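Working notes, beginning with the structure itself.
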Amino acid sequence: GCNVCCKSSWNQLQDLCRLAKLSCPALGVSKRNLYDFEVEYLCDYKKIREQEYYLVKWRGYPDSESTWEPRQNLKCVRILKQFHKDLERELLRRHHRSKPPRHLDPSLANYLVQKAKQRRALRRWEQELNAKRSHLGRITVENEVDLDGPPRAFVYINEYRVGEGITLNQVAVGCECQDCLWAPAGGCCPGASLHKFAYNDQGQVRLRAGLPIYECNSRCRCGYDCPNRVVQKGIRYDLCIFRTDDGRGWGVRTLEKIRKNSFVMEYVGEIITSEEAERRGQIYDRQGATYLFDLDYVEDVYTVDAAYYGNISHFVNHSCDPNLQVYNVFIDNLDERLPRIAFFATRTIRAGEELTFDYNMQ
């Protein structure tokens, strides 16, 4: 396949196909739908006498082919509802009233077009995130605050991306337990490393913060349902990346109730040396944002950088009163300089609540 970035967007390529009357299955343009008309978004609104009209951008057709249509011709209930929701919200913000005028001024119409384009870009990004995730929990994206779209140059990954000159050595042995929780042979994997079993039978962490978690690994006799396999199963809650309304950029909230001491997510990114982290840190400081997380469980040799490669934890904000606590986790790699970083709930977290951790308590 081609790995060269295309300078035209997916929608622009669809427009070109339709203009040239060419079908392209890879772009979803076939002979069957080449001449179909589907509403992509609404660009403008006007009311003549008691009849409402909308300027319609047709999917796969250039802006020059947009047409004014009476409301009764439009069957796109969801798009109409969203258009009026955006219109009313912006009218309230600008003029402190929500009833739409008979004609929209050009700046307001332009805002609604930009909002529709942003919504489309965020929907595509959401689909991309869910296609790339390897975990059970779904990801949704929403921005009801400004016109910012998906972050540029951010690649979603599910596990560490190992930097140059760094090796994650695979564990050589595993446990032989019949039942890791109730009948651990030799203390199971935690006992082999002279540590305590981390979880109760509900998968909740029972160790105090600061103590390491040793999970069963790929060489263990136990199976996937072993109670000592929690972090490795990944995120199981549905989460939402949302735009904050107080200037903190993107944030993450849970869409489900999370019980106290439950695993929520890992902090994933590039593993780099501390020297490289120092160099990047100076650049990030000038930019006013950093995603560097020092792996200093035993000694400060490596750092995780989630600036350009990361998972949903990239978007979790700081709080001095956080609801997430950091734990160092060891599974298939037992090098104490290279722990996996896991976030567990410090208390019961309600559905709809933002997730936070203390950046200074790494």
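Any Cβ shown, glycine's included, is placed from N, Cα and C.
Within the listed segments 52-79, 108-135, 136-163, TrEMBL records coiled coil for the stretch 108-135. For the Zn(2+) 3 site, TrEMBL records Cys216, Cys222, Cys226, and the single candidate of Cys180, Cys240 listed with them is Cys180. When the CA atoms are compared, the binding-site residues lying within 10 A of Cys188 (Zn(2+) 1 binding site) are Cys216, out of the candidates Cys216, Cys226, Cys320. Per-site Cβ counts within 10 Å over the binding-site residues Cys188, Cys189, Cys226, Cys320 peak at Cys189. Sequence-distant neighbours of the coiled coil (108-135) (same chain, 6+ residues past either end, Cβ-Cβ under 8 Å): 10-11, 40-45, 55, 57, 82-83, 86-87, 90-91, 94, 141-143, 147-150, 156-158, 233-236, 241, 311-312. Between the C-alpha atoms of Cys175 (Zn(2+) 1 binding site) and Cys220 (Zn(2+) 2 binding site), the distance comes to 5 Å.
Taking a C-beta cut-off of under 8 Å and a sequence gap of six or more, Cys216 (Zn(2+) 2 binding site) has these contacts in its own chain: Gly174, Cys175, Cys180, Cys188, Cys189, Cys222, Cys226, Asn228, Arg229, Ile331.
Restricting the average to the domain 'Pre-SET' (173-234) gives a pLDDT of 96. In the three-state DSSP assignment, the secondary structure recorded for Cys188 (Zn(2+) 1 binding site) is helix.
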